[in-house]
């Protein structure tokens, strides 16, 4: 029972996990394993002093062998032991041993000299385990991990290339014996034929490993194969104690492993940088190719003939702005971020700055992007101008057709009328009537002269505006002009004939003449009024429609006077009828001087009265449309006048934040990301403004006096705001990379920031060369021209004459931090090569991971020295090339 309690306290075994008898047997087996392992470990060191122990509880009771064990494993001399046999002498010796253990920084909890002298098994085993941890395991260090974790990582690294080996702990991972065999084979492959081992034969594997370790590696057999295979969970402390012996046995190979780790680290950095360079080149090529394909489309100015086709072009342009361009804006921003991150990593690893392929610099991409936006702006302006032109053309074409139709209707039959020779057989009164009628026709002809000139002017304007149906317009206009010329010639010819006959015919009916003279202008006025009332109109502002409404009201004001004129003309006709009836004049009931009759006048007057309210309704509807357009203008202006200043303020705030940052870099990064999130959350307002802008364009509104901001201004400002905040965040991330890589403290960063801000006199986030030189002198640099030129080539590789804060931090960290150099890498390769001036491919494959070994083999030049052998590789030139000192 006491043995069970001891094991429960030492190994945290639960008696409730199984039946008591099975538990006691398992605990006793575990206790025997621990006794055996600890005893073997102690003897492996005591035999160096020519002694050993048989019973771990009994042989350490007098303290003599315990002190001897500590001297062997520490290499130090302890106080002179007491040689007496009394209990007080034994306690004194054990106390000396315990004091020495405590002096090594080990806390001995509840372990006293009396318990060791009394043979307390729990305390004795606990003390031995404490000694093992301190002197065999604690000093193990692998890649910034130590003690148990370092030993486990060492095992994992050494057994990684072996199949069926997966070391995750110090108990069940070792049961099949392959882990022990793999450790031996990795360091001494000639001792074990690993390929013949089987996972399903753990006894053979374990015995092979234990026998080889004892025979060839001078590692005592601390465990039996049965101790491991015969238990469900081997004892962790026993396994750790045994494995630590392997670690110390192979510690001679640790130097090579450290050298390999250094090379792996350098190669990993180089591979990562090369991948970033390839990614940048591909992303830059894709973006430039998209710009190259897009600009010709935006520069295509081939006009369409119809408004519908041009509206489709405008819709395609909106889809480009809304769907195709935004992802490319993100790619451009990400490209700049990747470029800055790559340059920062190259500076941190002492690599030369990355120079993209010709034509793929960030400045080249910015220039191409500027050309794209220039073409985009020109294309949008061209679209809007073309829509205005087509709208104007449609209006002019409709006006031309209306006027041409009215004129053609008027000229119908006029040529036949002018070619009649009715005056040859007419009476005197008929001749006079024909003469007066012809005079009235000439008045009518002159009145139509304006209409013909208007038709010709409209046709000329359609030609100047490249109307697509100009040939048919020109042909119709030519027919009208030719007919007009013919009418003029015929009119002149008939007038001459009538004048010749006038000398014979003197009597004329004055009333008919008066009717004709007054009826013709009035009829022409009515036709003009009907034409104006039916004329289409196009306006763009409230003022223009108000002007049309005012003109229409003025026209309506003339209607009473026109009605009086109509009544007067009808009165003349009534007087003629009265005279004919009174004097029985044979006039055949028609007016010989004009074709206009009272019925036609009344019909046209009625038509004018009908068109007036229709015109009123059209003006009212247009006024309502213009009011809606004005509402859209104000709605857009109200939002734009808020968003535009907001974007400007945010740009200024980001500028101030980037200069006057406080707190740690992580705090600044968190603050900037929250700031970025607040900016991104503003995007719905931009989208809402885009919707208002689309409504304005659909309403064909081309100007807005209520705001100076256009949608283009807002888009460019928004894109610049997103790019600026992303660039500022990237700068902070690069500063964190610099700080972590160089080991710079927060106080040093604050001091760098204070120095930079002091000499950044313009508060722009950059220093010119003179300010930078003054800053260096203030920090104690003794600068000549050559030295300052060298420093400027580091902080300003693009020769722009400025120094950014990131470049300033990189320079200061480079001055204060220690980094890997080409000489250090060269020395590491020399360790792997066994102090030779060359290295073999097999040595690289044995010491380095497969991918990095092949990376070196593919890039190392053959060794040409006199001491070389076939297949020798030159690691010296390769190490130099890694840091840009020669071509790789």
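Glycine is no exception: its Cβ is also placed from the backbone N, Cα and C atoms.
What TrEMBL annotates here:
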type	residues	note
COILED	266-293	coiled coil
COILED	431-465	coiled coil
DOMAIN	32-136	domain 'Calponin-homology (CH)'
DOMAIN	145-251	domain 'Calponin-homology (CH)'
DOMAIN	747-782	domain 'EF-hand'
DOMAIN	783-818	domain 'EF-hand'
Surrounding residues of the coiled coil (431-465) on its own chain - C-beta under 8 Å, 6+ positions past either end
389, 392-393, 396-397, 399-400, 403-404, 406-407, 410, 417-418, 422-423, 473-474, 477, 480-481, 484, 487-488, 491, 494-495, 498-499, 501-502, 504-509, 512-513, 516-517, 520-521, 524, 592-594
Quick one: DSSP breakdown of the domain 'Calponin-homology (CH)' (145-251) into helix, strand and coil?
64 helix, 2 strand, 41 coil
Local confidence of the prediction over the domain 'Calponin-homology (CH)' (32-136), expressed as mean pLDDT
84
For the domain 'EF-hand' (783-818), residues assigned helix / strand / coil by DSSP
23 helix, 3 strand, 10 coil
Residues in the domain 'Calponin-homology (CH)' (32-136) grouped by DSSP into helix, strand and remaining coil
67 helix, 0 strand, 38 coil
